[in-house]
Amino acid sequence: MEMESPECPVCLQNYDGDTVIPRVLACGHTACEACLLNLPQRYSHTIRCPECNQLVNYPSQGPTALPKNIDLLRLTGNSHKPDKTPPNYDPCHSQSHHFLPQFWSHEFFSLWKQRVLPNDAVLIEGDGEEAEMIRVGLYENQRVSVLRLVSLHDDDDDSSVFRYSYVVKVMNCLSGMREEEREELGLILRAQKKFVCKVFGLWGDLEGGFLSLVCERQNGSLLEKFGDLGDRFCGEDEEGLSKDGISGFAMIGTGICEAVIALHFEGLVIGCLDLSCFSFDDFGRVCVDLSAVLVAGRKLRKHVVEAVSGKLRIDDNEMGVIFSGLLKNEAFLSPQLLLELLQKEGIAVECGSSRCSVDCSSDVWSLACVLMRLIIGKTFTEETLEICAEKGSDYSTLYMGWVEKVRSLLESNLGSEYASLSQILCKCLNFDQGSCPLATDVWRCIRELLIKPKFDITGGFEREIKKNNTYHCLIFGKLCQLPTESAEIQEEDGADFDQVDKRVDKSFVEGLSEGVIKCKDLQGHLDCITELAVGGGFLFSSSFDKTVQVWSLQDFSHIHTFRGHEHRVTALVYVDEEQLCISGDNSGGIFVWAIRVPFGQDPVKKWYEEKDWRYSGIHALTISGNGYLYTGSGDKSIKAWSLKDGALYCTMNGHKSVVSTLAVCDGVLYSGSWDGTIRLWSLNDHSALAVLGENMPGNVTSVLSLTVDGDILIASFENGCIKVWRNDVLMKSMKLHQGAIFTTGMEGKWLFTGGWDKILKVQELLDDEFQIDITPTGSIPCGSVITALLCWQGKLIVGYADRSIKTGDLLLLHLFVVSLSPLLPSSKKRLSSQARDLPMEMLGSILELGKMIMAPIREYYNYHRGFDENLKNLKRKRKELECGRLDIESRMGAELFPGKRPKQAVQLWLQNVETIDGEIGAIEQEASTSKYSCVHIGKLACKKIQEVEELIDQRGGFVDSLVVDPPVSRGAVLPTTALVGESTTKKTMENIWELLLGEDIRKIGVYGMGGIGKTTIMKQINNFLLKETDKFNYIIWVTVSKAFNVINLQNEIACKLNLDLSKFEDETTRAGELKLELENRDRYVLILDDMWEAFRLEDVGIPEPTSANGCKLVLTTRDVEVCNKMSCENIKMELLSKEESWNLFLDTVGRDILNTPNFEAIVKEVVKECNDLPLAIITIAGSLKNVVHASEWRNALEELRTSIKGPNNIDSAIFERLRFSYKRLKDEKLQHCLLCCALYPEDYKIDRYELIQHLIDEGVIQRMKSRQVEIDKGHTMLNKLINACLLEGGSYNSFSNNVYFVKMHDLIRDMALQIAGPKFIVEARKGLQDFPDEEKWGKDLVKVSLMDNYISKVPYISQRCPKLSTLLLQNNFFLRSIPDSFFVHFHELNVLDLSETSIVSLPNSVSDLENLTALRLKWCKNLKHVPSLAKLTALRRLDLTGSGIEEIPHGLEMLVNLRFLCLDDARYLKKFPPGILPKMSQLQYLKFDWFSKTLKVNGEEVVSLKKLEHFEGQFYGVNDFNTYVRSLEEGGPSHYALFVGEVRTGDLFGKWMVEGKTVILNDCNISLLPKDIQTLRINKCHNLRSSCNAPSLKYARELKSIYIWECEEINDILSYSYIFPLQSLEVVELQHLNNLQVLFKEERVASIPAVQPGTFSHLKIFTLSECPNIKKLFTPALLLNLGNLEEISVACCEQLEEIVAAASDGVEEKAKEIEEGVDISIFPRLRKLLLWFLPELKTICSSNNVIAGDYLEEISIKKCLKLKKLPLSMRLIKGQLSTLPSLRYIETEEEWWELLEWDHHDMKNVLKPFCRPSVILKNIQMEISSESCCRFLPEI
């Protein structure tokens, strides 16, 4: 036998070595050169092998560079026959053959081909046509209806060899049909609405010889289901419909109406309806069955044709006979359509009725009959047929009598309660079709039996239906006549619709949709699941808990735990060939575990990838059949390891970030990375093949998982999208989840995805030759973030972040059965079995119906039944959340080094924990009372459990550091004072500057005595360097100070660089991290101020400054030896010259002192004693200010000379001169004040208010007539010290508020501590972990300051310090307990501060501190126990802000001298007992947590506190509030915040900062208001229709701010005629006012102008959000008064059209001038303009008005798509537009910006540089929708 010659697998041409040349690819396969040249090449240097489909390298020179296959050429030899193909033959461009006969056009074929089902799509079983099932696509094994249409002729000639294909036969049959038949068929095929049974397509039955229509077959028709109810919705003995009966009818009736309306949307009218036309789908939703409609139509036409057979004309009597016959068969055909049908059949009718038009009302008659048949039952036809017999056959008489009988039956069954339903159904029977209601009217009437909506949503239905002017009536169509050939074999009972049972095993997805799958929960891990793998009969799971768990795949029981990893296990893979499980961790460890029973404890092999301290960790693992393990690493590489010995074989580089996922398929390794790309690598030689996603438009988003199936590649991304490639071509991109998709899996065509949004989604992947489609099938809500999933043998295994694994069967509740079963008790069992077939895509619609009726009842029952269990779960979850909070706070305390701040997400989480903890406490208190129902408490408990679980899940996301560094900048501008000594200072600065700019010197040391000005001059140089941007890139300033510590210095430098060193403990590692960061910042100047000792740069991590890196090091010190040891170029700070000293002294003390005769000589002597030291001159001169008598000067000179006698020591000299200034204070209180400032840490910014409070507590500020006078006294004292140059003053911004502080120079602080001597122990912020040594606690000790340390233990032995008066231990977070014995001997203790510690219980010995005047326990969140305070009668201040106490301390009523009591944010405090407040008559400051649900006060008790100056609290009710307000007429506090109303769990209006005099009304009626009120906040006061309803407002002449939130009934804010202090208002904020229509209600009163003079004349801030009904904001007349408006924020107002309304006829002339004149600038002081989510906004102001731009800083416009113009006023300078002088940015969408219209063509270009995209809070991953955006306006 002759051997066949080798041929090309593409063109099938034999190789000959000349024209068909075999070339060998890298994979080993061969193809001809011509074919390789024409194969598609999607990526450079890569081609896909036509034989094995692998991507292989392809030379750039083309296929000629590939080697020839010599062996194949040898096989050809001489046996090769000459190829008759022409020489120029191109196999890839040869002419294609047409195998389809061209009996139709290409357009016809394209149109109908997609409607044709495959030949094997439908399986007919049994004899004849007893059963059918469909076997294609998603609907595999679905029961179907097969309706025969037309005969399928066999066009094949038996003598012909060629046979037509199945498709050709079907297409030939279609082309032979009439055009009107195909048009009708197309309408039916396109009718794919959700209330219509699916039409799968056309199927050719080759055996039966028919072309058939294949439709979805539901479980049973409405008629079959209805029979189970006794043929009606009430029992036989019931007089009318019961409540359950009418509910059941309403559910089914609305479904029938919706099904009919759905067909009307498609342009189809049925014409004739009966119960068989409708069926229930698997969810119990009513659907119209088109196949049943066509069968019913054929039966009806057959009946009519038989009735008029052989007749050409019928009279009125014969019409009556036909009508009666149709009723008897329950075929409901309207009289109008009956006449039309007869005329279409060519029958003349003598009844004289005119022909009717076919439209959507044609179905209303038969629809009403079907509905009445449901209500009345068989009586509907039986009794009405009796009427037909009684009335005779006269059609007119018969019809009118029949209608009256129907009306009577309806009234007897429905009664008067449902008269509206009876009326509309009877109205549908009107003979005049035009007077009948629409189907939407019937639907609306029935729907109102279930629920009465607040608004009508059917307008859209009617508008859409009316748009369709042409309708096709199925009863008149050709398909009700076809097929003529099959009429004989169709049985009368509709044999076309036989059903079939499912025979084939269900797949996972089918089981999922049917609800028959169960679930098993695997518990064993202690942290987040990271990966799942299956092999060897076991399931393997890895976790952050550093373990790998092994589970049995038989019963999913736990088998074994592999331990050994020291870090989180992040990847897992199973090797089938070797029976090995391999795991990788985030530190680079790779462990190999043997899978043999019994399991071993140790890995059989382990190794670590080479660590790069910048990047490390295994993120992904995979294997292939080539003996290698592949790892995706944090160092951006993929590594191949030998499975034999763990040796590194090769490293594949190319990714720019972490390699997060790997997959292997068909000889290709796929790698996904956080850089957003997917790379393909050959498994043969590990070479790179292609890169996917590299040039994708948009932002880079991380690839998180890959799934490969043949030529299909699916990747999931961090933004919730998936992308699908086929043969490396992107086919589909689709967003599936809200948040990252962490994991994907496939089983056949089913794609499973899960991620951050806690939803498991199922999609169907459909693909053909040209496209790939992804069809969402369903979703499963989960309780936690989904981190891993695995498909295995029809089961889905899912891993979660909450450490659980769910596997096996996921149970779907039969929701419809649960909701419908109370209505249909007799059919419950049948529906339960049918509910197993619920299709997933229909779940949403049926759930809506179920929720309408049964959800509230079911919910009510569940809450009642689970009351006790819900409360127990809530308490357990509360404890779990509390433990989590303590862990987070402990971690944050350890990480919160100076310069760092907590992450905003962490702060928000802690705030939410505090809030929800208080709410849980309130729920538990409600549960303990009997006035709340179990249902109410159970509902609240369930809601809170969900919220707590969400918080617990969020805590799992805090895996990294909890703190962040401030943003990196070039450096910080430092506050400076004027330089002293012009010539000396200038010379020194020039020397330093010259060395800095020179190339030779890299390290500079500036030395000189303390107070000479080193720091001042270096601050000036720091600021100069920041201005000179071309000199250095970064200027880093660090203050070292005396207590040098390497760790602290590293922290200070890292803080400036935004570098987190908290996770590194040893100095060497920290130094390495710091060095790397500094090396990345070339050309910097590092200034180390106030160094006291030298150190090695490498010990700290500071790179050696060199000319290569362009860096410089500058240090300041008092000791030149420090400079020498640091190898610096030294610059000495010289003393001032005599002249400079003289001028500095005079500038400080005042030059007018020389005007006094004979003073100059004394002054010069004093200056001489200052020894030319700048600090001494300044302090001494400051102490002598305003001294005008010569005797005082002489005395001061003598004291100065005396004080500085002694050893000639520089430090002593300066200290003595500073001590002189201290003594010159004269006032002992001022001296004590200065010494108290030394208790704070060095260089500490001491809050002025906090310091004054401390001075009051210390008694430095003695008791005065009022607290405010004491505070004023404190400010006076601090100002005197500042004027005496002993303190420095300043301020900084914190949360938009200025905080004023004072600060001590370190020399002055040292002097103060030297003066204090052994009386003070000050070790503040020294990093202490233990108490100072016992020998320091002497008997003369007075004050101890150990604040801001890490002290965790307190000695058990009390120190004997009889004089100790002050003990400051605040901000020692790790301090958890204090022994009872500690305070035993501190009898004289006055001030005790334990704020911001973690103590749980205050020692009982505190009860004996009878001299204690101040006890500060602020933010002791763990504090639960405070001993009795009954003996502390001297106590004046008790601060329990933010503490965790649950009860008021015992003995509080005995504190008769208490002046300050603060219980703010004491969320756990249950109540304040009555009767205590009146006993504390000396109270001046009283503050409660005014958002507590339980901590309330009695109005009368507060009135009794006559000395109260500051009060914040919540009253029990409006009466208590009114009582207190009336008392304010006689005078009251200078500051108050009064809260009245109910605080409900879940109120989200936040806790506001309050200043001045504020009233907050929440969910109550507005009553009296104080006359001196300054801020009014109104929330949820639903009875308020206008602020004019609060008459007491007219007296509020000092009102500056008004906030109104969530008042449902408010229509307007004010009336122009209402006398209201609008002139004083500065802030107006309106939010969530659903009925607000206008700001001002205009009232045409002749004596009152449209706008009162001065209205809003002081308004600065205006905010409006979520007010959906307001259309216009400001009127033109009001613009005249808005000259001071600075901020406008408007958001989420759906109907708002204008910011400034156009002038109307009634507006006064002056306002019209604004509208009619030339361009006029409005809002002259506007700084911020924010317009968000305003879909109808068209204009900001009229065409000739513009917004003044002189002060405008920020513009933010989002989602205002109809706004086409931005009216800004811009100046022309020399013919050119100038920029707005203050503008910082314009925040908006680029698409909107490009569509704007401009008055001047250059405006767009001038403003473009200021544009920036909208802010996205990526870390929170939160989309701001129009419903929620306004909640975030204050924060953004």
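Note: Cβ is positioned from N, Cα and C throughout, glycine not excepted.
Keep in mind that this is a model prediction, so the values were computed, not measured.
Checked against TrEMBL, the range among 80-107, 864-891 recorded as coiled coil is 864-891. Shown for the repeat 'WD' (652-691): DSSP residue counts in helix, strand and coil, namely 0 helix, 23 strand, 17 coil. Summed and averaged per residue, pLDDT over the coiled coil (864-891) gives 79. Note on the repeat 'WD' (562-596): residues 527, 530-536, 538, 540-550, 602-611, 616-623, 625, 629, 631-634, 641, 643, 646 of its chain, located 6 or more positions outside it, place their CB under 8 angstroms from a CB of the stretch. Residue counts of the repeat 'WD' (522-561) by helix, strand and coil are 0 helix, 24 strand, 16 coil (DSSP-based).
Across the domain 'RING-type' (8-53), the DSSP tally of helix, strand and coil residues reads 6 helix, 10 strand, 30 coil.
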